[in-house]
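First up is the structure itself, then whatever we jot down about it.
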Amino acid sequence: PRGLCRSIMSAQEQQQAQPPLPAAAASSEAAELDAANGYEAVVPHWFYCKVMDSRERWIPFSTQDSERLEEAHGSGRDKEDLVVPTSGGRYDVHLKKRQRVAVYWEEEVSEVRRCTWFYKGDKDNKYIPYSETFSKELEEAYMIAVTLDEWKKKLESPSREIIILHNPKLMVHYHPVATSDDWGSTPTEQGRPRTVKRGVENIAAEIPNGEPLQIDHLVFVVHGIGPACDIRFRSIIQCVNDFRNVSLSMLQAHFKKAQEQQQIGRVEFLPVNWHSSLHSTGVDVDLERITLPSINRLRHFINDTILDVFFYNSSTYCQTIVDTVASEMNRLYQLFLQRNPLFKGGVSIAGHSLGSLILFDLLTNQKAAPQEDEHSEEGSRTTSSNRGIEEVKEILKKLELSEYCDVFEKEKMDRQALFLCTEKNLKEMGIPLGPRMKILHYISSKMEMQVCLLHSLCSSRNCQYRDIGLGQVSANYPQLNYKPTIFFAFGSPIGMFLTVRGVKRINPNYSLPTCKGFFNIFHPFDPVAYRIEPMIVPDVEFEPMLLPHHKGRKRMHLELKEGLTRMSVDLKNNLLGSLRVAWQSFTRAPLPAVEAASTDAEAEAEAGMEKQPDTKPDETPAAVKEEASLVNVGRLNGGNRIDYVLQEKPIESFNEYLFALQGHLCYWESEDTVLLVLKEIYQTQGITLDQPLPGSQ
């Protein structure tokens, strides 16, 4: 049997083997050959393989990453296990293994390839790179053909596919024929030819430039219910990738001056996944055992998504969720600092749907002192510990239980630990029944006194404000290793959950212990989103802040709707005024003594109605807008507005029910949402937008 043909065949043999070229190609062949100058080495570009919908897709690295990989490859160190950070440090490429590995989350390892030659795929017309070994053979054949000006070269690939180099501009790839006889006949170039291209510049691939190396701020993003986060059923990792890409384009569009002056780099967004940890506890097996067999897909969907809300309201699984979220954010933070030792920026957190409620509950249970202080000096830790023990001693003295001070001191029991004690704990410490009952009664009475909101005072016997933590599931909320700068909630049900828990009003003086910024961002048709501000200022009706469009104006259909609403109000007022005047003239007509007075009244009414159109439409909306922006909504967001509503798109305004689900899942690709996040983050660093957007705070 004949071996694989790796050499260049003679021109005569190839002339006989090849199919006839189209007339147009044959006529232009001479011109193409004349245009071919001396040989120039091909410029390689690095790609990685991503499996999408059970199909492989080759994606180019950014220009920046590809150059870095090529430099490492050219240094000759790729025989070692050299690791090159790519994609802003979120992925590492192991050069020797040709593998791309995720740094911050679990993901399938991707194959990496140094690409020079490509052929067009069958189904989606995307170009697929040849293997590095075969690309070298193609390049050698091409070099000989250019140098000797001998074309129509035929090569056979390892998979018995035939590639013919007709001329520099026309190179084709043929699949082997499926039928073969017992004699092992060689494949022929039959079937539909596919285009072959040399060099990445000839395949029209979208190659990003790369991300700025400087990271100014870090944002952790927590997902809501279920494993899928948008209407395309993508994971939190993919959705946060979109959010990050939109942020890069918004930085270029609205922070260009700061970028040119090298004042800013970029904001890094990292996803936090808690769903997989929750459902790896074995609860899915228990649910499967009790789930009815009918409408199987719907029941499986409910078990995998909607039940997450019930899990969070269960003390057992709530503890699992908050532990996972806090530990994952702390782990990511430490790993990020290890990989970015020069990072001096702040950290913010963002949550979507149920994720925002998880973060809110975590933040309300943080200690006011920053966690970093606990790791600063041994002396300060000792002082803090001693102070806590002294507080416990004072409590025991009040209860006339001073003889047990040594027991509590031995167990290093501070005030917080005391309030977490159960009867079982006290029994294990050797505390007799009577003193146990006294201590437990004291703890329960103090817990009841915390019905008033943190940092607030009761103005009457019936407390006006309830504890923001009232009704929270009983859990030991972990501490974060950092103080978040801002908390962003997207499509959040926080307001609804607080109300259901029994919190009717939030004290205007209340602020999150370790986070001074809080923004509640929602789409007007989002069925899961609820407002926060009416819980702080219930006596005043005012609209949420309208987020300005990222291109700098209100959407046209909203302006049209506003204009029509104003016109209808004017018509209504004019009509009512005319009817009122007519009714007055009708009722007063039989009284001749008051004819002059009625005429005066009519004149005054008409004059009043003539004045109304001039003043009401123009002055009222402006006054309302000014009043809305000046409403005192307390300290939850440092005295600034909390609720921000997106502008719906024109097509969404036709049927709000139809776009309700989309409204809850739209935030990942919303330029307006991303721009608000960037604006608020960079405002803490004293950097503002190039051009202030109209209507922004």
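Using N, Cα and C of the backbone, Cβ positions are placed for all residues, glycine too.
Among the ranges 9-29, 93-113, 408-428, 639-659, the stretch that TrEMBL annotates as region 'Disordered' is 9-29. For the domain 'WWE' (32-114), DSSP puts the residue distribution at 22 helix, 31 strand, 30 coil. The domain 'WWE' (32-114) scores a mean pLDDT of 88 in the predicted structure.
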